[in-house]
Structures are given as structure tokens and as C-alpha cells.
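Here is the structure we will look at.
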Amino acid sequence: MGNATGEGAGRPRAGEILKEMAITVWYLRAILIGLLLLFVLLTIGMYYWGAPVETANRTPSQLGETVYFCAITALTIGYGDVVPTSSFGRIDAACLGLIGVVFTGLIVAAAVRGVQEAAHRAQRTA
């Protein structure tokens, strides 16, 4: 029905979009892996020198809670239930936030490029 009226002509499918996005992510793999490694290093640094503390009972955070804090910070959510108490920890948290913004931006850019490339390819074949 959509083909007879011309509706949907040139519209990319989800699989094509994901394929184009995966190609873009593949080209960005070195940058993304570098950001992930930097995240791991900053998380280790936060655990040993950042002095993260749970705000509810003011006790030092365990490794799992520190990883949780770093992930929440990198995603720029920041619940505030775990906070760094040293100067190094605060600088580390700022770097984690910056890494999260850059990482998210790259993934969003790859998704947008995937949509653009798939739409361009669908128009050429229509």
C-alpha cells in the first residue's frame, strides 16, 4: 500500500541505520577505546586518592560504590549520594564529567551520521 502511493519511498530501515552507525563507531573506535581506558584510570584514581564518601552515613565508599559514582558522574546525572572529599577527587570528577560529555557526543554524532547515510543511500536506490 505504501509503495503504490509513494509513501515511505526513500525511507531508511532501522537495520540500515544501525549498520551505518556501526561503521561510524568502527572508525571512531580508537578514540572511544581511549576514552574508556581513561575512564577506567580515573575510576581507579578516584578509588585510591579521591576519597569518595557516602553522604548518608559519611563512610568511605567501597570499590563498587566508587565505580557507580564514576559512571553516574560520567553520564552527567550526579545523584549526590557519593561525593569526592579530596581536591584530587574533585578534579577527577570534573574530568570524568568531561569524558562522559565527549563520549556521549561521539555516540550521538555516530547515530546522526548513521541516519544521514542510510537516508542518502535509500534516496539513491529509490
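Any Cβ shown, glycine's included, is placed from N, Cα and C.
Taken from TrEMBL, the feature domain 'Potassium channel' covers 36-113.
Applying DSSP to the domain 'Potassium channel' (36-113) sorts its residues as follows: 53 helix, 7 strand, 18 coil.
The predicted model assigns the domain 'Potassium channel' (36-113) a mean pLDDT of 95.
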